Amino acid sequence: MDGETMVEDSGVQQIKSPKRSFPQKLRVKLKRLFPVIVWLPNYKWKEHTFFDMIAGVTIACVSVPQSLAFAVLANVDLIYGLNTACFSALVYTLLGTAPISAFGPVAIGSMLSGEAISKFDKETSNFSKDEFVAALTISIGIFYLIMYVLRLGVLTVVFKKPFVSGYIMACALHILIKSLRQLIGINVQTYYGYFNFFYNSIRIFSKVGESHVPTLIISAVTMTVFLFNMIVLTPFLKKRSSIVIPIETIVMVTAIVFSYFLKFKDMGVAIVGTVPTGLPKIVPLNLNAYVEAFPEAVLIALINYTTTTSMTLLFNPQMDREQEILAMAVSNIVCGNFQCITIGNSMMRTMIAINLGIRTLFATMFSSFLLFIIILYAGPLFEPLPLTILGCIIMTAVIKLLYERIKDIIKFSRSKEDLFIFFATFLATLIIDVTVGLVVGAVLSLRTILEGVVQNEENDREVEGHILLQAKPTV
(Lines of atoms letter the chains of each structure in order from A; the text may use other names.)
(Lines give C-alpha, C1' and ligand atoms only; values in the text may rest on other atoms or scores of the structure.)
Protein backbone atom coordinates (compact mmCIF):
# COMPACT_ATOMS: atom_id res chain seq x y z
CA MET A 1 0.00 0.00 0.00
CA ASP A 2 1.15 3.57 -0.71
CA GLY A 3 2.99 4.92 2.30
CA GLU A 4 1.22 2.52 4.68
CA THR A 5 2.43 -0.68 6.33
CA MET A 6 0.34 -3.74 7.19
CA VAL A 7 0.99 -4.98 10.72
CA GLU A 8 -0.40 -8.19 12.23
CA ASP A 9 -1.08 -8.11 15.94
CA SER A 10 -2.83 -11.11 17.58
CA GLY A 11 -4.27 -12.14 14.24
CA VAL A 12 -5.73 -8.69 13.53
CA GLN A 13 -4.40 -6.67 10.62
CA GLN A 14 -3.71 -3.02 11.46
CA ILE A 15 -2.69 -0.18 9.19
CA LYS A 16 0.27 1.74 10.50
CA SER A 17 0.39 5.33 9.26
CA PRO A 18 3.75 6.56 8.03
CA LYS A 19 5.73 8.87 10.24
CA ARG A 20 5.61 12.47 9.12
CA SER A 21 8.84 14.27 8.47
CA PHE A 22 9.65 17.44 10.42
CA PRO A 23 8.76 19.76 7.48
CA GLN A 24 5.39 18.01 7.13
CA LYS A 25 4.68 18.37 10.85
CA LEU A 26 5.70 22.02 10.72
CA ARG A 27 3.42 22.64 7.73
CA VAL A 28 0.43 21.08 9.52
CA LYS A 29 1.16 23.07 12.68
CA LEU A 30 1.46 26.35 10.78
CA LYS A 31 -1.82 25.71 8.96
CA ARG A 32 -3.53 25.18 12.30
CA LEU A 33 -1.98 28.26 13.90
CA PHE A 34 -2.51 30.48 10.85
CA PRO A 35 -5.78 29.50 9.12
CA VAL A 36 -5.17 32.28 6.59
CA ILE A 37 -2.57 29.96 5.00
CA VAL A 38 -5.44 27.61 4.15
CA TRP A 39 -8.32 29.87 3.15
CA LEU A 40 -6.53 32.69 1.30
CA PRO A 41 -4.78 30.53 -1.37
CA ASN A 42 -8.12 28.75 -1.92
CA TYR A 43 -10.12 31.97 -2.02
CA LYS A 44 -12.80 31.95 -4.74
CA TRP A 45 -12.12 35.34 -6.27
CA LYS A 46 -14.95 35.28 -8.83
CA GLU A 47 -17.59 34.10 -6.38
CA HIS A 48 -16.69 35.97 -3.20
CA THR A 49 -14.74 39.14 -4.06
CA PHE A 50 -17.71 41.38 -4.87
CA PHE A 51 -19.67 40.49 -1.72
CA ASP A 52 -16.62 40.67 0.56
CA MET A 53 -15.50 44.03 -0.82
CA ILE A 54 -18.98 45.55 -0.46
CA ALA A 55 -19.14 44.23 3.10
CA GLY A 56 -15.60 45.50 3.77
CA VAL A 57 -16.36 49.03 2.54
CA THR A 58 -19.54 49.20 4.63
CA ILE A 59 -17.84 47.79 7.74
CA ALA A 60 -15.10 50.42 7.36
CA CYS A 61 -17.70 53.19 7.03
CA VAL A 62 -19.54 52.01 10.13
CA SER A 63 -16.32 51.31 12.06
CA VAL A 64 -15.01 54.88 11.84
CA PRO A 65 -17.74 56.61 13.89
CA GLN A 66 -18.16 53.62 16.20
CA SER A 67 -14.42 53.37 16.85
CA LEU A 68 -14.23 57.05 17.74
CA ALA A 69 -17.23 56.65 20.06
CA PHE A 70 -15.83 53.57 21.80
CA ALA A 71 -12.50 55.36 22.30
CA VAL A 72 -14.41 58.04 24.23
CA LEU A 73 -16.08 55.27 26.24
CA ALA A 74 -12.67 53.74 27.02
CA ASN A 75 -11.27 57.09 28.25
CA VAL A 76 -8.49 57.12 25.64
CA ASP A 77 -7.53 59.35 22.72
CA LEU A 78 -9.69 58.92 19.63
CA ILE A 79 -6.83 57.52 17.57
CA TYR A 80 -6.91 54.42 19.81
CA GLY A 81 -10.33 53.53 18.43
CA LEU A 82 -9.24 53.81 14.79
CA ASN A 83 -6.02 51.89 15.43
CA THR A 84 -7.96 49.08 17.11
CA ALA A 85 -10.47 48.82 14.27
CA CYS A 86 -7.63 48.64 11.75
CA PHE A 87 -4.68 46.76 13.21
CA SER A 88 -6.28 44.43 15.78
CA ALA A 89 -8.88 43.30 13.25
CA LEU A 90 -6.14 42.71 10.67
CA VAL A 91 -4.14 40.50 13.06
CA TYR A 92 -7.33 38.58 13.83
CA THR A 93 -7.81 37.73 10.13
CA LEU A 94 -4.47 35.90 10.16
CA LEU A 95 -5.40 33.62 13.06
CA GLY A 96 -9.20 33.68 13.37
CA THR A 97 -11.57 30.91 12.33
CA ALA A 98 -14.84 32.88 12.20
CA PRO A 99 -15.41 34.22 8.65
CA ILE A 100 -18.79 35.76 9.51
CA SER A 101 -17.57 38.35 12.01
CA ALA A 102 -16.57 41.98 12.46
CA PHE A 103 -13.83 42.25 15.07
CA GLY A 104 -12.77 45.59 16.49
CA PRO A 105 -13.59 47.80 19.48
CA VAL A 106 -16.91 46.95 21.17
CA ALA A 107 -19.09 48.67 23.76
CA ILE A 108 -18.70 46.29 26.73
CA GLY A 109 -14.94 45.81 26.31
CA SER A 110 -14.44 49.56 25.90
CA MET A 111 -16.53 50.38 28.97
CA LEU A 112 -14.67 47.88 31.16
CA SER A 113 -11.35 49.21 29.86
CA GLY A 114 -12.56 52.73 30.59
CA GLU A 115 -13.36 51.71 34.17
CA ALA A 116 -9.81 50.44 34.63
CA ILE A 117 -8.16 53.39 32.86
CA SER A 118 -10.15 55.87 34.96
CA LYS A 119 -8.28 54.65 38.05
CA PHE A 120 -4.99 55.82 36.56
CA ASP A 121 -3.56 58.82 38.44
CA LYS A 122 -0.66 60.51 36.66
CA GLU A 123 0.35 62.38 39.84
CA THR A 124 0.92 59.24 41.91
CA SER A 125 2.00 56.84 39.14
CA ASN A 126 5.53 56.43 37.80
CA PHE A 127 4.26 55.61 34.32
CA SER A 128 2.23 57.46 31.69
CA LYS A 129 -1.39 56.90 30.72
CA ASP A 130 -0.32 55.51 27.34
CA GLU A 131 1.93 53.00 29.12
CA PHE A 132 -0.93 51.93 31.38
CA VAL A 133 -3.35 51.49 28.45
CA ALA A 134 -0.71 49.44 26.61
CA ALA A 135 -0.10 47.32 29.73
CA LEU A 136 -3.85 46.75 30.14
CA THR A 137 -4.40 45.67 26.53
CA ILE A 138 -1.30 43.45 26.45
CA SER A 139 -2.18 41.93 29.86
CA ILE A 140 -5.59 40.97 28.48
CA GLY A 141 -3.76 39.25 25.64
CA ILE A 142 -1.39 37.50 28.05
CA PHE A 143 -4.34 36.16 30.05
CA TYR A 144 -5.92 34.90 26.82
CA LEU A 145 -2.61 33.21 26.01
CA ILE A 146 -2.58 31.51 29.42
CA MET A 147 -6.12 30.30 28.73
CA TYR A 148 -4.99 28.94 25.36
CA VAL A 149 -1.89 27.13 26.68
CA LEU A 150 -3.74 25.58 29.64
CA ARG A 151 -6.88 24.92 27.55
CA LEU A 152 -8.97 26.99 29.96
CA GLY A 153 -11.62 27.98 27.45
CA VAL A 154 -13.82 25.43 29.21
CA LEU A 155 -13.96 27.80 32.21
CA THR A 156 -16.47 29.90 30.32
CA VAL A 157 -19.13 27.25 31.05
CA VAL A 158 -19.41 29.06 34.38
CA PHE A 159 -20.64 32.10 32.43
CA LYS A 160 -24.18 30.85 31.90
CA LYS A 161 -26.47 32.78 29.57
CA PRO A 162 -28.59 34.35 32.38
CA PHE A 163 -25.42 35.56 34.08
CA VAL A 164 -23.95 37.06 30.90
CA SER A 165 -27.23 38.69 29.86
CA GLY A 166 -27.82 40.22 33.29
CA TYR A 167 -24.26 41.50 33.40
CA ILE A 168 -24.42 43.02 29.90
CA MET A 169 -27.76 44.69 30.61
CA ALA A 170 -26.40 46.37 33.74
CA CYS A 171 -23.22 47.41 31.91
CA ALA A 172 -25.37 48.89 29.15
CA LEU A 173 -27.17 51.08 31.69
CA HIS A 174 -23.81 52.17 33.14
CA ILE A 175 -22.73 53.16 29.62
CA LEU A 176 -26.01 55.02 29.04
CA ILE A 177 -25.62 57.19 32.13
CA LYS A 178 -21.96 57.95 31.46
CA SER A 179 -22.74 58.96 27.86
CA LEU A 180 -25.71 61.15 28.76
CA ARG A 181 -23.54 64.12 29.71
CA GLN A 182 -22.25 64.36 26.14
CA LEU A 183 -25.79 64.48 24.76
CA ILE A 184 -26.89 67.41 26.92
CA GLY A 185 -23.57 69.26 26.87
CA ILE A 186 -22.71 69.48 30.55
CA ASN A 187 -19.30 69.11 32.15
CA VAL A 188 -19.63 66.52 34.91
CA GLN A 189 -16.79 64.41 36.24
CA THR A 190 -17.62 60.70 36.04
CA TYR A 191 -17.40 58.83 39.34
CA TYR A 192 -15.92 55.32 39.38
CA GLY A 193 -16.34 53.08 42.38
CA TYR A 194 -19.07 51.38 44.41
CA PHE A 195 -22.63 52.63 43.76
CA ASN A 196 -21.32 54.74 40.87
CA PHE A 197 -24.55 54.34 38.86
CA PHE A 198 -26.47 56.36 41.44
CA TYR A 199 -23.68 58.88 42.04
CA ASN A 200 -23.37 59.58 38.32
CA SER A 201 -27.15 59.72 37.84
CA ILE A 202 -27.53 62.27 40.65
CA ARG A 203 -24.64 64.37 39.33
CA ILE A 204 -26.03 64.47 35.80
CA PHE A 205 -29.72 65.02 36.59
CA SER A 206 -28.89 67.73 39.13
CA LYS A 207 -27.30 69.72 36.28
CA VAL A 208 -29.91 69.12 33.59
CA GLY A 209 -30.95 72.75 33.96
CA GLU A 210 -27.46 73.77 32.80
CA SER A 211 -27.76 71.84 29.52
CA HIS A 212 -26.13 73.48 26.50
CA VAL A 213 -29.04 74.25 24.16
CA PRO A 214 -27.19 73.94 20.78
CA THR A 215 -25.72 70.60 21.89
CA LEU A 216 -29.14 69.45 23.06
CA ILE A 217 -30.68 70.32 19.68
CA ILE A 218 -27.94 68.46 17.78
CA SER A 219 -28.41 65.42 20.04
CA ALA A 220 -32.20 65.45 19.64
CA VAL A 221 -31.99 65.60 15.84
CA THR A 222 -29.29 62.90 15.72
CA MET A 223 -31.12 60.49 18.05
CA THR A 224 -34.33 61.00 16.06
CA VAL A 225 -32.50 60.01 12.87
CA PHE A 226 -30.84 57.00 14.52
CA LEU A 227 -34.08 55.73 16.08
CA PHE A 228 -36.03 56.22 12.84
CA ASN A 229 -33.37 54.22 11.03
CA MET A 230 -33.38 51.47 13.66
CA ILE A 231 -37.16 51.14 14.12
CA VAL A 232 -38.55 52.01 10.67
CA LEU A 233 -36.02 52.26 7.85
CA THR A 234 -33.80 49.23 8.52
CA PRO A 235 -36.69 46.72 8.98
CA PHE A 236 -38.39 48.17 5.87
CA LEU A 237 -35.28 47.75 3.70
CA LYS A 238 -34.43 44.35 5.15
CA LYS A 239 -37.74 42.91 3.89
CA ARG A 240 -37.21 44.22 0.37
CA SER A 241 -33.47 44.16 -0.35
CA SER A 242 -29.99 43.62 1.05
CA ILE A 243 -29.24 47.36 1.03
CA VAL A 244 -27.70 48.60 4.27
CA ILE A 245 -27.49 52.31 4.97
CA PRO A 246 -24.38 53.21 7.03
CA ILE A 247 -26.40 55.78 8.95
CA GLU A 248 -23.66 56.52 11.51
CA THR A 249 -21.24 57.48 8.74
CA ILE A 250 -23.83 59.62 6.94
CA VAL A 251 -24.70 61.46 10.16
CA MET A 252 -21.02 61.88 11.07
CA VAL A 253 -20.10 63.38 7.68
CA THR A 254 -23.17 65.66 7.74
CA ALA A 255 -22.32 66.83 11.27
CA ILE A 256 -18.71 67.56 10.28
CA VAL A 257 -19.86 69.69 7.31
CA PHE A 258 -22.42 71.64 9.37
CA SER A 259 -19.97 72.07 12.25
CA TYR A 260 -17.27 73.40 9.94
CA PHE A 261 -19.41 75.93 8.06
CA LEU A 262 -21.70 77.00 10.92
CA LYS A 263 -18.83 77.26 13.43
CA PHE A 264 -20.29 74.96 16.08
CA LYS A 265 -17.15 75.44 18.16
CA ASP A 266 -17.86 79.17 18.47
CA MET A 267 -21.34 78.30 19.76
CA GLY A 268 -19.78 76.36 22.62
CA VAL A 269 -20.40 72.90 21.19
CA ALA A 270 -17.67 70.46 22.28
CA ILE A 271 -15.85 69.05 19.26
CA VAL A 272 -13.39 66.21 18.73
CA GLY A 273 -10.38 68.45 18.10
CA THR A 274 -7.02 67.22 16.87
CA VAL A 275 -6.82 63.63 15.66
CA PRO A 276 -3.22 62.67 14.80
CA THR A 277 -2.37 61.16 11.43
CA GLY A 278 0.32 58.73 10.37
CA LEU A 279 1.53 55.43 11.75
CA PRO A 280 0.81 54.74 15.43
CA LYS A 281 3.64 55.29 17.85
CA ILE A 282 5.19 52.41 19.75
CA VAL A 283 4.41 52.63 23.47
CA PRO A 284 7.44 51.83 25.68
CA LEU A 285 7.29 48.91 28.11
CA ASN A 286 6.84 49.74 31.81
CA LEU A 287 6.69 46.79 34.21
CA ASN A 288 5.13 48.88 36.99
CA ALA A 289 2.15 49.52 34.74
CA TYR A 290 1.70 45.76 34.22
CA VAL A 291 1.60 45.12 37.98
CA GLU A 292 -1.31 47.54 38.30
CA ALA A 293 -3.07 46.56 35.08
CA PHE A 294 -3.08 42.75 35.24
CA PRO A 295 -5.81 42.26 37.90
CA GLU A 296 -8.10 44.55 35.90
CA ALA A 297 -7.16 42.70 32.71
CA VAL A 298 -8.34 39.33 34.06
CA LEU A 299 -11.85 40.69 34.66
CA ILE A 300 -12.03 42.33 31.23
CA ALA A 301 -10.64 39.26 29.46
CA LEU A 302 -13.15 36.85 31.02
CA ILE A 303 -16.21 38.98 30.26
CA ASN A 304 -15.00 40.09 26.83
CA TYR A 305 -14.11 36.55 25.73
CA THR A 306 -17.43 35.15 26.94
CA THR A 307 -19.58 37.79 25.24
CA THR A 308 -17.50 37.67 22.06
CA THR A 309 -17.57 33.87 21.83
CA SER A 310 -21.32 33.66 22.43
CA MET A 311 -21.97 36.20 19.66
CA THR A 312 -19.49 34.68 17.22
CA LEU A 313 -20.83 31.13 17.66
CA LEU A 314 -24.28 32.26 16.50
CA PHE A 315 -23.00 32.70 12.94
CA ASN A 316 -19.91 30.45 13.00
CA PRO A 317 -20.83 27.14 14.67
CA GLN A 318 -17.81 25.50 12.98
CA MET A 319 -15.24 27.82 14.56
CA ASP A 320 -12.36 26.48 16.66
CA ARG A 321 -12.82 27.90 20.18
CA GLU A 322 -9.23 27.28 21.25
CA GLN A 323 -7.90 28.94 18.11
CA GLU A 324 -10.19 31.92 18.74
CA ILE A 325 -8.57 32.40 22.15
CA LEU A 326 -5.16 32.43 20.45
CA ALA A 327 -6.36 34.90 17.81
CA MET A 328 -7.64 37.32 20.45
CA ALA A 329 -4.48 36.82 22.52
CA VAL A 330 -2.11 37.68 19.67
CA SER A 331 -4.29 40.61 18.56
CA ASN A 332 -4.12 42.17 22.02
CA ILE A 333 -0.44 41.42 22.65
CA VAL A 334 0.80 42.68 19.28
CA CYS A 335 -1.48 45.68 18.84
CA GLY A 336 -1.37 46.76 22.48
CA ASN A 337 2.09 48.12 21.70
CA PHE A 338 0.64 50.42 19.01
CA GLN A 339 -2.05 52.46 20.79
CA CYS A 340 -4.90 49.94 20.67
CA ILE A 341 -7.56 48.86 23.16
CA THR A 342 -9.02 45.36 23.52
CA ILE A 343 -11.16 43.89 20.74
CA GLY A 344 -14.33 41.86 20.45
CA ASN A 345 -16.87 40.84 17.83
CA SER A 346 -19.49 43.52 17.19
CA MET A 347 -22.99 42.10 16.79
CA MET A 348 -24.21 45.20 14.95
CA ARG A 349 -21.36 45.27 12.42
CA THR A 350 -21.65 41.50 11.94
CA MET A 351 -25.37 41.77 11.17
CA ILE A 352 -24.64 44.50 8.62
CA ALA A 353 -21.99 42.30 6.99
CA ILE A 354 -24.41 39.34 6.85
CA ASN A 355 -27.06 41.46 5.15
CA LEU A 356 -24.45 42.44 2.55
CA GLY A 357 -23.54 38.81 1.88
CA ILE A 358 -20.13 38.58 3.60
CA ARG A 359 -18.39 35.32 2.67
CA THR A 360 -14.92 35.26 4.26
CA LEU A 361 -12.44 37.13 6.46
CA PHE A 362 -11.22 38.88 3.30
CA ALA A 363 -13.96 41.44 4.05
CA THR A 364 -12.30 42.29 7.38
CA MET A 365 -8.91 42.38 5.67
CA PHE A 366 -10.18 44.83 3.04
CA SER A 367 -11.90 46.92 5.72
CA SER A 368 -8.60 47.16 7.63
CA PHE A 369 -6.85 48.39 4.47
CA LEU A 370 -9.41 51.21 4.04
CA LEU A 371 -9.11 52.15 7.72
CA PHE A 372 -5.33 52.25 7.36
CA ILE A 373 -5.69 54.88 4.59
CA ILE A 374 -7.98 56.90 6.86
CA ILE A 375 -5.49 56.71 9.75
CA LEU A 376 -2.66 57.90 7.50
CA TYR A 377 -4.41 60.87 5.93
CA ALA A 378 -7.92 61.64 7.21
CA GLY A 379 -7.28 62.68 10.84
CA PRO A 380 -7.82 66.45 10.33
CA LEU A 381 -11.21 65.81 8.73
CA PHE A 382 -12.63 64.64 12.07
CA GLU A 383 -11.59 67.79 13.96
CA PRO A 384 -14.96 69.67 13.66
CA LEU A 385 -17.02 66.59 14.62
CA PRO A 386 -19.26 67.38 17.65
CA LEU A 387 -18.64 65.01 20.55
CA THR A 388 -22.37 64.67 21.05
CA ILE A 389 -22.55 62.70 17.77
CA LEU A 390 -20.25 60.08 19.31
CA GLY A 391 -22.43 60.07 22.42
CA CYS A 392 -25.49 59.42 20.25
CA ILE A 393 -23.72 56.52 18.51
CA ILE A 394 -22.93 54.98 21.91
CA MET A 395 -26.52 55.57 23.04
CA THR A 396 -27.89 53.80 19.96
CA ALA A 397 -25.59 50.82 20.55
CA VAL A 398 -26.79 50.70 24.18
CA ILE A 399 -30.45 50.73 23.12
CA LYS A 400 -29.80 47.75 20.84
CA LEU A 401 -28.03 45.89 23.66
CA LEU A 402 -30.94 46.54 26.02
CA TYR A 403 -33.46 45.39 23.43
CA GLU A 404 -31.65 42.05 23.02
CA ARG A 405 -31.44 41.57 26.79
CA ILE A 406 -35.16 42.28 27.26
CA LYS A 407 -35.89 39.48 24.79
CA ASP A 408 -33.66 37.23 26.93
CA ILE A 409 -35.78 37.94 30.03
CA ILE A 410 -38.78 36.40 28.28
CA LYS A 411 -36.76 33.22 27.66
CA PHE A 412 -35.45 33.08 31.23
CA SER A 413 -38.97 33.46 32.67
CA ARG A 414 -39.51 29.75 31.90
CA SER A 415 -37.00 28.87 34.64
CA LYS A 416 -37.09 30.42 38.11
CA GLU A 417 -33.42 29.63 38.61
CA ASP A 418 -32.35 31.33 35.37
CA LEU A 419 -34.50 34.34 36.18
CA PHE A 420 -32.96 34.55 39.67
CA ILE A 421 -29.39 34.42 38.29
CA PHE A 422 -30.26 37.08 35.70
CA PHE A 423 -31.74 39.58 38.15
CA ALA A 424 -29.22 38.91 40.93
CA THR A 425 -26.32 39.57 38.53
CA PHE A 426 -28.11 42.55 36.99
CA LEU A 427 -28.87 44.24 40.32
CA ALA A 428 -25.44 43.55 41.84
CA THR A 429 -23.70 44.97 38.76
CA LEU A 430 -26.00 47.97 38.45
CA ILE A 431 -26.30 48.94 42.11
CA ILE A 432 -22.87 48.09 43.51
CA ASP A 433 -20.14 47.70 40.87
CA VAL A 434 -19.21 45.73 37.74
CA THR A 435 -16.61 43.69 39.66
CA VAL A 436 -19.07 42.71 42.39
CA GLY A 437 -21.65 41.82 39.74
CA LEU A 438 -19.14 39.53 38.05
CA VAL A 439 -18.42 37.69 41.30
CA VAL A 440 -22.11 37.33 42.19
CA GLY A 441 -23.02 36.02 38.74
CA ALA A 442 -20.08 33.60 38.62
CA VAL A 443 -20.84 32.18 42.09
CA LEU A 444 -24.53 31.66 41.30
CA SER A 445 -23.73 30.03 37.95
CA LEU A 446 -21.10 27.77 39.52
CA ARG A 447 -23.57 26.76 42.24
CA THR A 448 -26.08 25.71 39.57
CA ILE A 449 -23.45 23.67 37.73
CA LEU A 450 -22.29 21.93 40.95
CA GLU A 451 -25.87 21.13 41.93
CA GLY A 452 -26.33 19.47 38.54
CA VAL A 453 -23.15 17.41 39.03
CA VAL A 454 -24.22 16.31 42.54
CA GLN A 455 -27.70 15.42 41.30
CA ASN A 456 -26.24 13.31 38.48
CA GLU A 457 -23.98 11.45 40.94
CA GLU A 458 -26.94 10.72 43.22
CA ASN A 459 -28.94 9.43 40.27
CA ASP A 460 -26.01 7.19 39.26
CA ARG A 461 -25.81 5.76 42.79
CA GLU A 462 -29.53 5.02 42.80
CA VAL A 463 -29.22 3.23 39.46
CA GLU A 464 -26.20 1.22 40.68
CA GLY A 465 -28.03 0.29 43.87
CA HIS A 466 -31.08 -0.81 41.91
CA ILE A 467 -28.90 -2.99 39.65
CA LEU A 468 -27.18 -4.60 42.66
CA LEU A 469 -30.52 -5.38 44.29
CA GLN A 470 -31.74 -7.05 41.11
CA ALA A 471 -28.49 -9.03 40.80
CA LYS A 472 -28.65 -10.29 44.42
CA PRO A 473 -29.56 -14.03 44.43
CA THR A 474 -32.77 -15.00 46.17
CA VAL A 475 -32.63 -17.47 49.06
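Using N, Cα and C of the backbone, Cβ positions are placed for all residues, glycine too.
Some features that TrEMBL has for this protein:
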type: DOMAIN; residues: 52-425; note: domain 'SLC26A/SulP transporter'
type: TRANSMEM; residues: 50-74; note: transmembrane segment
type: TRANSMEM; residues: 89-112; note: transmembrane segment
type: TRANSMEM; residues: 132-150; note: transmembrane segment
type: TRANSMEM; residues: 162-180; note: transmembrane segment
type: TRANSMEM; residues: 213-237; note: transmembrane segment
type: TRANSMEM; residues: 243-262; note: transmembrane segment
type: TRANSMEM; residues: 283-305; note: transmembrane segment
type: TRANSMEM; residues: 356-379; note: transmembrane segment
type: TRANSMEM; residues: 385-403; note: transmembrane segment
type: TRANSMEM; residues: 419-444; note: transmembrane segment
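Contact counts against the transmembrane segment (132-150), taken as Cβ pairs under 8 Å, peak for 283-305 among the stretches 162-180, 283-305, 385-403.
Within the same chain, the transmembrane segment (385-403) stays apart from the transmembrane segment (283-305): fewer than three Cβ pairs sit under 8 Å, each pair at least 6 residues apart. Remote same-chain partners of the transmembrane segment (356-379), defined as residues 6 or more beyond its termini with a Cβ less than 8 Å from a stretch Cβ, comprise 36, 39-40, 43, 47-49, 51-60, 63-64, 79, 82-83, 85-87, 89-90, 92-93, 96, 98-103, 242, 244, 274-280. Counted over residue pairs separated by six or more positions, the transmembrane segment (162-180) shares at least 3 Cβ pairs under 8 angstroms with the transmembrane segment (89-112), which defines the two as touching. Counting residues 6+ beyond its ends, the transmembrane segment (283-305) has Cβ neighbours under 8 Å at 106, 108-109, 112-113, 115-116, 119, 125-128, 130-136, 138-140, 142-144, 147, 155-156, 159, 167, 325, 328, 336-339, 342, 344, 434-435, 438 in the same chain.
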